[in-house]
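Enquirer: Got a structure for you, questions after.
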Amino acid sequence: MPTAGGLYFWTHYFASEKWKNPLSFLVGYSNTIGLIGGICSIDYGFASMLLSVISLARDGNWSATRPVIYGTYAATVFTHGFIAIFFARIMPRIQSACIFLNIALVVATVIALPIGKANNSPPVNPGSYVFGEIQNLTTWPTGWAFIMAWLSPIWTIGAFDSCVHMSEEATHAARAVPLGIISSSGLCGILGFVSLAVIASSMDRNIEGILNSKFGQPMTQIYYDALGKNGAMGFMVVVMIVQFFMGLSIVLAASRQSWAFSRDGALPFSSFFRKVSQRKFMRYQPVRMVCGIVVASVFIGLLCLIDEAAASALFSLTVAGNDLAWLTPILARLLWGGDRFIPGEFYTGKYLSKPIGWVAVIYMMFVIVLTMIPTEGPNPTRELHYNILSIPGAFTN
């Protein structure tokens, strides 16, 4: 049954009588926290990109301080909240335009970067470098560093459940939602692979120099090296636009999921947040919950004022929260579903459904553990992973 509450509703439906209430509570809160983490990480990334373009315009002679980054981040979140409240009715058109813009950006990057590299700083890196060379800049063993490199693509598809939370506002949701999840994740994988292959073939081999770019953003440096200042600014503006609207989409998804959770009385102050607006231009919108999500995101975003390790928790919080929320209903269906499971319009079949489910459960368990491990190496004193602290803290609050 398509519902904005999706994951915690399905958990309650499939789980045993003993476990359905506590597991639904766990899933609802982890999903809420994960989606808020998604807002934080996406908008923090947007703020970093915007400020890197300003640095690029000043030829790298200016760099943003942490308070400036946070201020830009907070302004972005508030802007998303404003748009989500007053322009929610035209969001399908905005998102459709953003999809085409994203594809156009990938195509333009795939064409422009190799040409720019060949003209400005040849030669283009060979396939042996792109697909066969590993540079370990951490203190982890190389094999484990390779596994840790999965974190970026894992984060990229970390909010694949966004379609679920918009299901009550979708047409023919029983089919549209699963197709939306598969098509978005599948297209992301294909275009992402092509983009990364081209970026690796076109970037400078001094990876530490790229990571420590004077512009404060590695991708800005890669565009700059291949295309020069004007080309880099043009591409980064488009990247920023795509990132901005991606953040807006997550604000909408997070507000709908949290609104459904408060509708069922599970969130603090549910009687306040569950109400929808009857005012003109925002009729039937969960305005109070959008505002609550915005305030929570601004508050959690304070982590970026501490240090880089704390800021990285904004990214892993998304993955850990959402994967726990997805893992639980799948596991409940496998363990207790039995006769309660009724195949819908989109079904992988009697023989494939359960094996796919077990693979998904094992994979997400591994990913959750992976997000809790410091990326730089086994030095917990210097590289404390704040994700381990932020999730329990959110539950206890």
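Glycine residues also receive a Cβ, built from the backbone N, Cα and C atoms like all the rest.
Automatic, uncurated: that is what TrEMBL annotation is.
I grabbed these lines from TrEMBL:
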- 33-56: transmembrane segment (TRANSMEM)
- 68-87: transmembrane segment (TRANSMEM)
- 99-116: transmembrane segment (TRANSMEM)
- 144-164: transmembrane segment (TRANSMEM)
- 176-199: transmembrane segment (TRANSMEM)
- 232-254: transmembrane segment (TRANSMEM)
- 287-306: transmembrane segment (TRANSMEM)
- 356-373: transmembrane segment (TRANSMEM)
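Structural setting of the listed features?
Expert: Residues 62-64, 68-70, 72-73, 76-77, 80, 155, 158-159, 165, 213-217, 219-220, 224, 229, 232-233, 236-237, 239-240, 243-244, 246-247, 250-251, 253-254, 257-258, 293, 296-297, 300-301, 303-304, 311, 314-325, 391, 394-395 of the same chain lie 6+ residues outside the transmembrane segment (33-56) yet bring a C-beta within less than 8 angstroms of a C-beta in it.
For the transmembrane segment (68-87), the residues of the chain that approach it from at least six positions outside its boundaries are 39-40, 43-44, 46-48, 50-51, 94, 244, 247-248, 251-252, 255, 281-282, 285, 287, 290-291, 293-294, 297-298, 301-302, 304-305, judged by C-beta separation under 8 angstroms.
If one looks beyond the transmembrane segment (356-373) by at least 6 residues along the same chain, the residues whose Cβ comes under 8 Å of a Cβ in the stretch are 147-148, 150-151, 154, 316, 319-320, 323-324, 326-327, 330-331, 333-334, 348, 385, 387-388.
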Enquirer: What else in the chain is close to the transmembrane segment (287-306), if you only count residues 6 or more beyond its ends and a Cβ gap under 8 Å?
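Expert: Apart from its flanks, the transmembrane segment (287-306) reaches 36-37, 39-40, 43-44, 66-67, 69-70, 73-74, 77-78, 80-81, 84-85, 251, 254-255, 258-259, 262, 272-277, 313-314, 317, 386, 390.
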Enquirer: By Cβ distance under 8 Å, which residues at least 6 away from the ends of the transmembrane segment (232-254) in the same chain are close to it?
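Expert: Distant contacts of the transmembrane segment (232-254): 32, 35-36, 38-39, 42-43, 45-46, 49-50, 52-53, 56-57, 76-77, 80-81, 83-84, 88, 91, 94-95, 98, 101-102, 105, 108-109, 112, 159, 161-162, 165-166, 217, 219-220, 223-224, 290, 293-294, 297.
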